[in-house]
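Structure first, then comments.
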């Protein structure tokens, strides 16, 4: 049968947010949030302590690959604090005035969430320094020789920043966060629980083996798990099935081109390129991106994290290397050092 993907050019297993992702399935409180146990425990303690002291919660940085629940966790923190949350993102804050307008309109106890904070303009970022430390901001009034700076006192607030590339944050900004959490990929058991809960919220029953099959293909990412569940539910509905079965899951995955490892055609293309064109590597990011016809950021932020985490690619000082697992996955023969002639034969 022909493979289908109703997302058009968007990958069904992309961890990036799409217009098809549903906010209604997200947990609202820490008690409903599955996974990231260490982070949850630390947050519970910090939130409880801030409430008992009547103080503002420390600023928080949430770091990790896309789709792991950074936005969801920021919303949960606001809910736990019974606070209003204001959402923006680094790329749209182009001028200092854009951020100053948001900061001066915050009320006491509010939460400001800045997604992709690493992409914020450096001039804009400087306004955050005094805002985070002293709850005040200097605003320039007028232009030219008549311009003057006035200091505006801000209401106490909590800033939550989210980043997929914490290494791009400047030290002055990073050092102003009281708590920094590195979010990890989810286990299959955690994803199975997330899928089962989401199916229940959707009003759908799902067999345990079916939920586990989806979890195995979800690349350690809840956003992908929910997206796959929705597509499986579609076929289940069309078939008139009372619950989602393993057979239905496997049929949908074949149609979507997602294998039992959660890899799709682009993942396989990346691995084949490293092995066939670059003899298994090492290959630099720039060269790999040029060969694949995609941007370096797309490789490093979207594809690589899972391929590295799952052991198909290793990264070193000289570049990316296809692992023995990648060779075996694609059915290639290898020598120590990864020599390969492109046709499954050893050179």
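Cβ from N, Cα, C; glycine included.
Annotated in Swiss-Prot:
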REGION    4-186  region 'Large ATPase domain (RuvB-L)'
BINDING   25, 26, 67, 70, 71, 72, 133, 134, 135, 176, 186, 223  ATP binding site
BINDING   71  Mg(2+) binding site
REGION    187-257  region 'Small ATPAse domain (RuvB-S)'
REGION    260-347  region 'Head domain (RuvB-H)'
BINDING   315, 320  DNA binding site
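DSSP assigns residue 71 (ATP binding site) to a helix in the three-state reduction. Around the Cβ of residue 135 (ATP binding site), the same chain contributes 153, 154, 155, 156, 157, each under 8 angstroms and 6 or more positions distant in sequence.
Across the residues of the region 'Large ATPase domain (RuvB-L)' (4-186), the predicted structure has a mean pLDDT of 89. Separation of the C-alpha atoms of residue 71 (ATP binding site) and residue 320 (DNA binding site): 30 Å, rounded to the nearest whole number. The binding-site residues in question are 315, 320, and the one with the fewest Cβ neighbours inside 10 Å is 315. Counted over all residue pairs in 25, 26, 67, 70, 71, 72, 133, 134, 135, 176, 186, 223, the record's binders of ATP, the longest Cα to Cα distance measures 37 angstrom. According to DSSP, the region 'Head domain (RuvB-H)' (260-347) comprises 42 helix, 9 strand, 37 coil. Each residue contributes its Cα atom, and for residue 133 (ATP binding site) and residue 315 (DNA binding site) those atoms are 37 Å apart. Ranking the binding-site residues 25, 67, 71, 133, 186 by how many other Cβ atoms lie within 10 angstroms of each Cβ puts 133 at the bottom. For the region 'Small ATPAse domain (RuvB-S)' (187-257), the DSSP-based tally of helix, strand and coil residues reads 53 helix, 4 strand, 14 coil. Geometry remark: residue 186 (ATP binding site) versus residue 315 (DNA binding site), CA distance 21 Å.
In this structure the alpha carbons, written CA, of residue 320 (DNA binding site) and residue 25 (ATP binding site) are 37 Å apart.
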